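Asker: Residues or ranges marked as signal peptide in TrEMBL: 1-19. What TrEMBL lists as domain 'Carboxymuconolactone decarboxylase-like' is 67-148.
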Amino acid sequence: MARGMPTIAGMILATSALAGSALATGTPAVTDTTERRMQRGSEVLRSLNKGATQPNLERMRAEFPFLAQATEGYALGDVWSRDGLDPRIRQIAAVAVFAAMGEFAFMKIHAQYALNIGVAEEELKEAIYLVTVPAGFPRAITASQALSEIFAQQRAATAQEFRGTKP
């Protein structure tokens, strides 16, 4: 066998060690079933969305089932469910990243999730201020306008709840 070529036994040991390491660090194991990943993704989404489903994901489920499954299973079930970041920090980071990328629709969704789980408006504003450094003022300004819409909707919903009417 050529020097440096992995052996089958070596690959099995490496894979085994990786899976064991993944379990020890809270990373979903490679052997997780699709069903379990989807369940984890659904739990994450409901925890962020006040127990409700996500309308965009439900539309995707009807029109683009593979994309919906990948979003729920991988993005939410594997990545968003990791233990490495507190959910509040994860949402603040998501808002900043989507703002810097110019993905304002996604930024608004994650800003709402952030507010739902107790992130303060001021914390989200600070994330947008940071966006000026890597992405520039135009992106940060557009993000601030989108975030202002979310804040206004949140305040209106809170006022309606306070008055006892549905938003």
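The count begins at 1 with the first shown residue.
A Cβ is built for glycine as well, from the same backbone N, Cα and C atoms used for every other residue.
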Asker: Determine how many residues of the domain 'Carboxymuconolactone decarboxylase-like' (67-148) DSSP places in helix, in strand and in coil.
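Answerer: Its residues divide into 69 helix, 0 strand, 13 coil.
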Asker: On the 0 to 100 scale, where does the mean pLDDT of the domain 'Carboxymuconolactone decarboxylase-like' (67-148) fall?
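Answerer: Computed over the domain 'Carboxymuconolactone decarboxylase-like' (67-148), the mean pLDDT is 98 on the 0 to 100 scale.
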